[in-house]
């Protein structure tokens, strides 16, 4: 019986309560308001440095933060509602694991980046970084969507956030790579981590649930809410933690043009690869966003607007081709079942973005950057490395990220194979009804599906 | 015949035109641009105080305002679209009454807070406060959703906004309580006001419309748009009118963590209280938001991040328990029919938030707040009251709010019982078709519902 | 066979690739980062003028930009999803043509407004203006929605953006008119341009597709997402490029109150003109927004809050009346088929807004504006024209705009009649299935529609 394996009545409360309790205790011990958030410290700052309340970094980061926040919870959440019978799970498990991941990553990233005097000091930047990290987890979620229980997802988040923090620390603080929009730390890492988890959790019998893997007309429209919000706010995402001033404005503009170009490339390629010249909603929903991923590293650099367009155009092109030609063979040949096609939206464009970042970094000159060099490439500006060497470091960062993602994803996937984690049976993937009280109109469809198309119904996991 | 009682052809235009005309006249007589909005006054300010255009408070309040604005019209509006046959009424009556309430509350709040030289002076802060006030009306709307005509709703808004203004004035200006995010003024007031209106309008025969009180699959997804936007922007809501600087950043951060914790508590509790361990969309849509309500008073204080998490966790817990155990008995024992469960989302968490605010205020010390004390607790900072006394005032403010809400809601409910206000018959609650031209696909469902499930169809109101 | 005429397998990729390639080349030759976006130039500015990174205009324009961006892609996109079988086309063709238009208008507007030393210099303001221009194209799209192929739409965008740029240049730089929120440049121009295109493309046999021209219950809810976002962010739209300080705050406030009043007028009028007193979603979705259009010109002026309310009230009133009485006769008498009723939402309110702008400009006095005159009416402030003359110039600007729109729309409409552009046959208008791979649930409906309601099916274009 599937009923008993997927009944989460005690397990889900237990893990939620435990994780939340554990997090609260760690916060109580380690986490404190930073200088801009604490009443006493900020007012000391005000009086010592002749500042005004309006110099608080809140006013220069919070609008960006809210855009990123919207991408994480509306963007990713609704993007995944395209499945006809997994809308609740898509938007709500997205909600659950992101709500946990932002707390946990505040701790993990805090230990690596803002730990001093035995305490983690947090403020608006740590909130942006926590949302970024949860973005990586949600990308991985896209690969395993519909095939995992919320318990597995929470555990995946627990481990992935931790590994994300380590990888990010190595890249930014050890290697000295630049990656403000996370082509490597977020997209490449999240995609290949998730793909490895999916590989380890491979289901040879997934065909038993294929009738539920598609969309219905209105579920595709719900998904477009996610797509458009991700597209709109990607400029904020890539610029949210760059240096203030020209850097933020330039990153926004590069991302804006890259996305516009990837949109045209996606429509063009979608019609081209379809036998009848018809457009495919899956491509529009996903590949049009590849332009945001591909300038995640280079967006803050002097990429030039037309450079951003070329990058976005290529990203939209390869992403659409990936959906058409690569995803089927990933499944059949490499045994990687990638529900949302994260390899096409985040994997390949992420790697391309890392390579582009290395190239643009290697081409940096004092003439082009002027005194702005110190904001974009501080190690070049202070003479401790050349532009070429910075480019090499960027390449090295990509390799490290791929290593962490592949090894980490494999290990975590193995851990998630544990029998009692409530994974759905092969016959009940992409189906809300196993984890949710659903309205009558949904139950009917389910009964039909179960009774007519899949009569045995004996589950096995 | 129900047709004639609910036909609004003359009544609705009459009340809309009258209210709008009356408002325009009052605006013409009383309302003027404030110093930051008037071309002449602002430029005098610029030249007299050596300011720059970029010092205009617009840049430090408007992003918060737009988040609040989104919560009011998208958040509340879509949250209530969960009903299978009341989506039009939910989002559009929300739109109508909020559009009126923001105008009317600009007048009412203006008389209390920015009336000098015989004029009300308005700017960005008055817009935020007007949206806040309309939030309280929309909470009350949630309690009576599907059981009231738009005329009743407009009248409710007219009276409730007025009472809101009085209560808020008493709390903030007479008692000297702090309540930046409105745990008391908005949530507690709006919830108990609405519950009393619903009590007075009790329908013993509401079972005749129960078949329409649930959701369908996609209406639950529409509702999640409202939920997620409320969740995302609650940090902006609670911080929108706090003092600039550390106060806004701290409030945002406290709310962010409180909401994250309430989300985990909600998922945990939802699975726990369900016989089969299944999650319930009603809980996720509502209780996950209780973390925002519960720090409405204390969010600007030095609550600490882990304190915020504990508060949010408890709020999510009691809110979910409320949906499961309290709402049914409110209906059966206290004759309070609470369509959206506002008692669980706004009522109990609002009271809890008021108590928490009193506690955190009573614990305030100079050591923790430093010179920031003046922003959070000006009356403690200037020596006119102790922290303990501030805490007592906060408690007193809660009692006053409950008093205003209960008495006001009862009186307004009685006024709304007037026969000719177009209230739907018991057989036609939660049904768009009585007030709306609806598409064919909806009519069919209605005919089925009317003909097969409810054959008498003789209306009585 | 309709199949061959509407098969876009080669044509759509060809035009997308060509337009994108051409745009990239022009960007490479002409477009450069402006002083605030370039690393070198901004840091020179910093050191020469003792500025801080936080003085970058990014922080004072970007939140407004993102609101406008949301209006263009979510607002317009979802507003048009009201059609029961054209949701994909509505939101996705909106996406495609806006993604192209923002690139192309960056070039066109750049040549007119920021071309020096042989280069176009772009930054956050050019992004806002590009989004504005794409807004005009999307308004025209509303007039021809469901009756044009994506190829026709891209060509329309190409020509319309170009004409928009010329008209805008004449109005703002030659005539010296003020039109910050685009009552003339965006709404009047976009509406009458689109109406003329629709006139030239008149389909006498459109009745063959009338059964698809309506909505279903949930498509009306999707459309409300668009409506509410447009409504919420219209204050940002009208204020996005006004002068900083009081101007932005005043424009926001005027638009806020105008929209609120138009909402009440719309509900009132909608119930009044319906035989049974029922409200019509089409009115709510559209006419409630007329309050934003009507203060597009005068919003930045000292309109006064009650003046804004009167304007919004009238706009909501005439817009609703237009939907009821004018749209049918536009079709039957003037042979203008206006799918979304852009004449009611953008056309008439745009003209009214232009007239209002002329009136308010003519009434400007030094006493009211003080030193703020220079920001709102620089030519009055520097003595080169009187207020009356400014008012006359505003009227003249309206006439020029109408001329450009009518002549331009006619010519472009004629160009779009070319046979091979993939226009849908009369029997297949308002139908996603000709351009899209659609899910099974949608195909069924289509088969029903084609087989039972429209048996001949022989296409003619």
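Each position is counted from 1, following the chain as shown.
Using N, Cα and C of the backbone, Cβ positions are placed for all residues, glycine too.
According to TrEMBL:
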{"type": "DOMAIN", "residues": "C:52-419", "note": "domain 'Ammonium transporter AmtB-like'"}
{"type": "TRANSMEM", "residues": "C:12-33", "note": "transmembrane segment"}
{"type": "TRANSMEM", "residues": "C:64-83", "note": "transmembrane segment"}
{"type": "TRANSMEM", "residues": "C:95-115", "note": "transmembrane segment"}
{"type": "TRANSMEM", "residues": "C:127-146", "note": "transmembrane segment"}
{"type": "TRANSMEM", "residues": "C:153-172", "note": "transmembrane segment"}
{"type": "TRANSMEM", "residues": "C:184-202", "note": "transmembrane segment"}
{"type": "TRANSMEM", "residues": "C:214-234", "note": "transmembrane segment"}
{"type": "TRANSMEM", "residues": "C:306-326", "note": "transmembrane segment"}
{"type": "TRANSMEM", "residues": "C:347-369", "note": "transmembrane segment"}
{"type": "TRANSMEM", "residues": "C:389-416", "note": "transmembrane segment"}
Annotated stretches the transmembrane segment (C:64-83) and the transmembrane segment (C:127-146) touching (3 or more Cβ pairs under 8 Å): yes
Candidate ranges C:12-33, C:95-115, C:153-172, C:389-416 - greatest C-beta contact count to the transmembrane segment (C:184-202) (under 8 angstroms): C:389-416
When counting Cβ pairs under 8 Å to the transmembrane segment (C:389-416), the leader among C:12-33, C:127-146, C:306-326, C:347-369: C:347-369
Contact call for the transmembrane segment (C:153-172) and the transmembrane segment (C:12-33): at least 3 Cβ pairs under 8 Å, seq gap 6+: yes
Close approaches to the transmembrane segment (C:12-33) from elsewhere in its chain (Cβ under 8 angstroms; 6 or more beyond its ends): 41, 100, 103-104, 106-107, 110-111, 115, 118-123, 150-151, 154-155, 158, 422
When counting Cβ pairs under 8 Å to the transmembrane segment (C:306-326), the leader among C:95-115, C:127-146, C:214-234, C:347-369: C:347-369
Long-range Cβ neighbours of the transmembrane segment (C:347-369) (under 8 Å; 6 or more residues past either end): 178-179, 183-184, 186-188, 191-192, 195, 290, 293-298, 301-303, 307, 311, 314-315, 318-319, 322, 376-377, 380, 387-388, 390-392, 394-395, 397-398, 401-402
Across the domain 'Ammonium transporter AmtB-like' (C:52-419), average pLDDT on the 0 to 100 scale: 97
